[in-house]
Amino acid sequence: MRVGVIGAMEQEVKLLREQIENCEIVSRGGCEIYTGKINGVDVALLKSGIGKVAAAIGTTLLLEHFRPDVVINTGSAGGLDAKLNVGDIVVSTEVRYHDADVTAFGYEPGQMAQCPPAFIADPKLVNIAQECIGSLKLNAVRGLICSGDAFINGAEPLARIRRTFPEVVAVEMESTAIGHVCHQFDTPFVVVRAISDVADKESHLSFDEFLSVAAQQSSLMVTTMLDKLKTETQF
């Protein structure tokens, strides 16, 4: 079992990289990929860069060159569910673009042309994440995560996303692109992120203050999931 783990920013991958045994670094296309073992599990950890294009480039490189069996997207997210606070966990059941609009041609809001309306997270990975949440006694919500090339900071964009996707639990800038590429490569994926801010008019201040908290919580989730994946033989 080889697990691909993807984070956008240095703060989101640093704690995991420090745990990799016999770490080797590959730099390609503006991305860095760190390979080795965490707790005996083969890992390829990608630092992709921020945004959908960077995430898609990095995920493609990861899948083409390192062939992980599954992919976990880690890092931070802005919470939209009322039950979420800073440090809580969100787990994707599906991911959608909040800034894609080809509805003029009969597609659903957020659906890219010639693609499914949503990219569905692997149910087995979702269940493993839920088991880890239970064992760690963390507060968590699972559901739809939406991505777009904008940091959501203000009432108008927040209202638009909630109006268009009333079931959304969190927003960020990479996971749907990652899910899109995994769909194209037929690779199981799940998004497991920690809340760094509650998406509102002050979210940029909260993000700066609490990113390290989110990084700690999301990294803890990944290492706990790796322990469970150690005994899995296939997906």
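A Cβ is built for glycine as well, from the same backbone N, Cα and C atoms used for every other residue.
For reference, Swiss-Prot has these:
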ACT_SITE  GLU12  active site, proton acceptor
ACT_SITE  ASP197  active site, proton donor
BINDING   GLY78, ILE152, MET173, GLU174  substrate binding site
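Shown on the structure are the features that Swiss-Prot records.
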| residue | record | DSSP (3 states) |
| --- | --- | --- |
| GLU12 | active site, proton acceptor | helix |
| GLY78 | substrate binding site | strand |
| ILE152 | substrate binding site | coil |
| MET173 | substrate binding site | coil |
| ASP197 | active site, proton donor | strand |
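The recorded positions listed here are GLU12, GLU174, ASP197; among them, GLU174 has the most other Cβ atoms within 10 Å of its own Cβ. GLU174 (substrate binding site) and GLU12 (active site, proton acceptor) are 13 Å apart (CA-CA, integer value). A simple Cβ count within 10 Å picks out one of the binding-site residues GLY78, ILE152, MET173 as the most packed, and that one is GLY78. Within 10 Å of ASP197 (active site, proton donor), judged by CA to CA distance, lie the following binding-site residues from the set GLY78, MET173, GLU174: GLY78. The substrate-binding residues named in the record, GLY78, ILE152, MET173, GLU174, extend over a maximum Cα to Cα distance of 13 Å.
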